[in-house]
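Trainee: The structure is given below, and queries will be raised subsequently.
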Amino acid sequence: MSFDILGKAVELLISYPLCDYCLGRQFARLGYGLSNRQRGEALKTTIAMLIHSWVEEGEELEKAKEIAANGGLNAVIQVLEKKTGEKLVGRECTLCSGLLSEERFEELAGRIARELKTYEFRTFLTGAVVPPAIREAEDRIRSGLNIATGEDIKNDITRGVGRRVAELTGAKVEYLNPDITILVDYFNSTFQLQVNPVFIYGVYLKHKRFIPQTIWFCRRCWGRGCSSCNYTGREYETSVSELVGVPAMEYFEALDYKFHAAGREDVDALVEGTGRPFVLELKHPRKRLLDLKRLEELINSRSAGVVEVRELRFSSRRELRELKAMSPRASKTYVAEVVFSSPVEASKLAEVEERFRNVTIEQRTPKRVLRRRSDRVRNKLLHEVKVLEHSGNRVVFRIRTQGGLYVKELIDGDNGRTRPSISELLGAEPEQIKLTVVEVEHKLIQEQQLSSGA
Ligand SMILES: [Zn+2]
Ligand SMILES: [Zn+2]
C-alpha cells in the first residue's frame, strides 16, 4: 500500500500544533523543487477542504476543531465558529514556536550580509545550531507516527538564510572549502562568521646570518625584557617568520599569521640557491583576492638584503599538510665553508669525496640541541660531499643529505657522537664552519600540485 501522506498529515495536526515549515518538513523527501513551507501549505489547503466537508456533514466536529486550531486554518476556524458559536484560536507551532518565517529569514540574512560587506570572499557555507530540545521533540513525533520522510530542521534554517545571503552578496555556496562559514544560531537570532585562512606558498632565501626562522625569545626572561637582552625580550631582533608574515598580515588585513616552513636552518646559516619552501597561513583575513606579485615586492623591499621571498602563489591546507609530512624526508643541499686548524691535504679531500657517497651516518643527538631533543642515535643517509674550493686550511664543501642530518656535526664529529665525520677522516679540527642552505627538495610537493590540478 502506498504511503498515505494526507492521512499522516491529518494525524500530525490532530495531535500537534505545526506551522507550514514544520508540517511540510515531515515530508521533505517527497516532491521535487518544493520548499517545506510550500509542502506544508499544500497539505493544509487540502486538509482545510477535507474538514470543510466534515463540517458541512456535521461529522467529526471535535477532531475538526483540534485540526483547525493546531494548523492555524483560519478559513475553517471561521466556519467552525459560525457553526458552533465557540471561539477558536490558532496555536503556536510546537517545534519552532512560530519562529520559522520568511520575515525572520530576511532580517537575519540582512544582518549577516551587512557584516559580510567588510570581507572579500567568493564562497560561503551556512551551518546552524539547533537547541537539542527541538530535535528531540521532532524525533518523538516522527517515531510515534512512523514517519520516515522528514529531514533535519537545520536544513530549513541553512536554506532559508543561505539562499538570501547568496542573493544579497552575490557569493556562491561551497561545501568543501568555503571562504567563510556562517554559523547561525537561529533561535537566539545570532550568528558567527568563521573566516577561513588564506594559505600562501613560497620559498624564502636568507641572505644574512643570525636571523632565526621564528621569534627566539630571550633565554633569561622569556620575552619579558631584562638587562641581558637589552629589554627587547629576544635573542635576535627579528625572524624570517616576522619579515614574511607581518607585511602579509597587514596586506590581507588578517588578525594573525602562522609561518610553516619545510624544516629549519641553524640561526647562523644562510639560505640561498633555490631557497626553502614555506606555507604562510593568514588567519581571519578581510581580503583574499589580492595580487601576490605585489606582496612579494612588499616583503622584499621591506626586508631588503636580509630575507627574500619568491614564487608566491595561493595554496591550501592540503598542501600545508603535505609540506609538513614530507619536509623531514626532503633532501637538503648545503654549502659549508670550513676553516681547519691546520692545512688539509688534497689527497685526503679526494678520500672524503670517495668515502662520503651514499653512506649512512650514525648521529647521536648533538650536544647543542640536547636541551630541546631527546638523546638518541639517528641513522641518516648522506648522499654526497663535493669539494668546491680548497686552499691551505680553508675548504668549501657542497653537501647533499637526507633531511634531519645535523651538518655541523657531520663536519666536526661532535666529540665522536657523529660517525663517521669529515674531521675524523681528515684528521683536522674545524675552527670555523659557515653553513648555507642552497636547496631544499620540494619537487614532490609541486608534482602533487600538478597532478591534483590545484
Ligand atoms: Zn514550526
Ligand atoms: Zn631578556
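Here the Cβ of each residue, glycine as well, is placed from N, Cα and C on the backbone.
Grabbed the feature section from TrEMBL, which reads as follows:
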DOMAIN    74-197  domain 'THUMP'
ACT_SITE  Asp266  active site, nucleophile
BINDING   Tyr334, Tyr406  substrate binding site
Trainee: Using DSSP, how many residues of the domain 'THUMP' (74-197) fall into helix, strand and coil, respectively?
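Mentor: DSSP composition of the domain 'THUMP' (74-197): 60 helix, 20 strand, 44 coil.
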Trainee: Just checking, which of Tyr334, Tyr406 (binding-site residues) has the fewest C-beta atoms within 10 Å of its C-beta?
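Mentor: Output over binding-site residues Tyr334, Tyr406: least Cβ neighbours within 10 Å is Tyr406.
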Trainee: Could you find out if DSSP has Tyr334 (substrate binding site) as helix, strand or coil?
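Mentor: Once the DSSP labels are grouped into three classes, Tyr334 (substrate binding site) ends up as strand.
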Trainee: Express the predicted model's confidence over the domain 'THUMP' (74-197) as a mean pLDDT, rounded to an integer.
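Mentor: The predicted confidence over the domain 'THUMP' (74-197), as a mean pLDDT, is 95.
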Trainee: Between Tyr406 (substrate binding site) and the residue listed as 'active site, nucleophile', what C-alpha distance do you get in Å?
Mentor: 10
Trainee: Identify, in sequence order, the residues in the chain of Asp266 (active site, nucleophile) that are 6 or more apart from it along the sequence and have a CB within less than 8 Å of its CB; answer 'none' if there are none.
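Mentor: Set apart from Asp266 (active site, nucleophile) by at least 6 residues yet with Cβ under 8 Å, we have Lys408, Leu435.
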